[in-house]
Amino acid sequence: MPPKVTSELLRQLRQAMRNSEYVTEPIQAYIIPSGDAHQSEYIAPCDCRRAFVSGFDGSAGTAIITEEHAAMWTDGRYFLQAAKQMDSNWTLMKMGLKDTPTQEDWLVSVLPEGSRVGVDPLIIPTDYWKKMAKVLRSAGHHLIPVKENLVDKIWTDRPERPCKPLLTLGLDYTGISWKDKVADLRLKMAERNVMWFVVTALDEIAWLFNLRGSDVEHNPVFFSYAIIGLETIMLFIDGDRIDAPSVKEHLLLDLGLEAEYRIQVHPYKSILSELKALCADLSPREKVWVSDKASYAVSETIPKDHRCCMPYTPICIAKAVKNSAESEGMRRAHIKDAVALCELFNWLEKEVPKGGVTEISAADKAEEFRRQQADFVDLSFPTISSTGPNGAIIHYAPVPETNRTLSLDEVYLIDSGAQYKDGTTDVTRTMHFGTPTAYEKECFTYVLKGHIAVSAAVFPTGTKGHLLDSFARSALWDSGLDYLHGTGHGVGSFLNVHEGPCGISYKTFSDEPLEAGMIVTDEPGYYEDGAFGIRIENVVLVVPVKTKYNFNNRGSLTFEPLTLVPIQTKMIDVDSLTDKECDWLNNYHLTCRDVIGKELQKQGRQEALEWLIRETQPISKQH
């Protein structure tokens, strides 16, 4: 697929940068981040401004346009994809590589003296603004809020903002009512002497009110803001969806609730004006709590003396620690998901040798099998179905122009997941339908060793995820190999497939200590550009574990795999595994056979059951 031609769009954007209708004085650079007004990773079509301007549609990236240059910063997941999707107007800035300048350093190096750099304050996170403004100011430049989004001005056929119906979740799924969640939040606010809390992240609002939506594809969220006071609840949401009988009943809107649980509903776009009015009535010592990831427009509406900024909100942390109802729901969801994947892999083994299966048809088949499971709602992200060289594109999504046929000669990687009412799944398996080469087996085995090292790890309570990242890379590092993405991310409970604040990574989502009840992925990989990609991913639950000793009474933790899908033994160089690694894999496969076998039997899926039994035969080293 040829890259998008962007010359005319860039000309129009540069013209807008000088247009007095939009800016009081011309700006010399314009920043276009990935996110929306809620700093979401996955966004609605109406918010895909960076993709519209550049052609690059990966989930992470920041574009900066000056009079002379157009540059795109993205991370290692997207280097290959961005290079393919952008035309020659663009310079790709590969984040994480030592020779790549930061965005602010690059701007300082290319801008004329005393330049003005513009950005839409509603879609830029506060922490990003502060960092950028500080560096620019020290070099004699200025970061300017441009309230009219300049991309919107040149995007003539921009889609409408979605406003789809809401889904209510009962206690069987959530384990705790929305009123109790609000009460818990108010306790956290009182501990910090905070009167008000502004909620801007879409998944936090969905979690708090036990509601789900479908405004963003694959992410069960809805466009909204909330302001929680010690005695007030304000919800900012558009459309008549709040008037649906099930939603009114769920939120108790028609009942004469005690005042502190009565929800005041406001239009979505009135958040800044209502927040401004609220702040105007604050007494001198009253504080308003807001995430430093909230937009600059929201945080700047709160006067500095009243503003309390924190990296992670109490909702973010509470949401990450799943209660027993959520953990059980996630277990159920992963059992259903494993059934669908056993069906898929059995089907692929029969059909691939016939030569008619493509990356797209395999992805479609995976969705078809998932849709047969109870409480299926949607996929949790676009399926990464990739064979041969396409597997080396870490976040590859097949399109007709790139769609390869699966064969007996190439490694096949499928990274996929689903949203069920009781949980969110995300699983990657890499397999070969013919005979893998010795090098493919070698690389796969290094990745498997890393996967096992993380999954079997026992670590003290309070350990941060970044300390486990090297466990996953050690076998690869020993051979001079590595991968350019984190090892794991948090996973929501029928919410976003990527969630903070926990994870296993050398960078993102690794700041908060892991604690029992958190759910993360374990997904090391290896990618040979132009040849193949390998990744093995399970979703795992952090659980307590008893150890021989208990230093300082702090306790220990380990991981329970929730994903129960066989790992193809054909791809393993078994003699390179230790006895402990062989035991781990055999025990894992025994659990897959026991748990998923029962469900396959219950659903009458005999062929898939036979496939499961074949794929979970124990391995042993040739001594």
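Even glycines carry a Cβ here, placed using N, Cα and C.
Mn(2+) 2 binds Asp426, His489, Glu523 as Swiss-Prot records it, and from the list Glu440, Glu442, Glu537 the residue named for this site is Glu537. When the candidates Asp409, Asp415 are compared with the Mn(2+) 1 site entry in Swiss-Prot, which names Asp426, Glu537, the shared residue is Asp415. Swiss-Prot lists Arg77, His395, His489, Glu523 as binding peptide, and of His69, His498 the one it places in that same site is His498. Swiss-Prot marks one residue of Lys304, Lys464, Lys598 as N6-acetyllysine, namely Lys304. Pairwise Cα distances among Arg77, His395, His489, His498, Glu523, the recorded peptide-binding residues, top out at 15 Å. Sitting within 8 Å of the Cβ centre of Asp415, Asp426, Glu537, and not among those site residues for Mn(2+) 1, are the Cβ atoms of Ile384, Ser416, Gly417, Val427, Thr428, Thr521, Glu523, Arg535, Val539. The Cβ centroid of Arg77, His395, His489, His498, Glu523 marks the peptide site; residues of that chain outside this set whose Cβ lies within 8 Å of it are Ile394, His485, Gly486, Thr521, given in sequence order. In this structure, the C-alpha atom of Asp415 (Mn(2+) 1 binding site) lies 9 angstrom from that of His395 (peptide binding site). Listed in sequence order, the recorded positions near Glu537 (Mn(2+) 1 binding site) (C-alpha within 10 Å of its C-alpha) are Glu523, out of Arg77, Lys304, His395, His489, His498, Glu523.
By the criterion of other Cβ atoms within 10 Å of the residue's own Cβ, the least surrounded of the recorded positions Lys304, His498 is Lys304. The Mn(2+) 2 site, placed at the center of the C-beta atoms of Asp426, His489, Glu523, Glu537, has further neighbours from the same chain whose C-beta lies within 8 angstroms: Asp415, Val427, Thr428, Gly488, Val491, Thr521, Asp522, Asn538, Val539. You'll find the Cα of Asp426 (Mn(2+) 1 binding site) roughly 10 Å from the Cα of His498 (peptide binding site).
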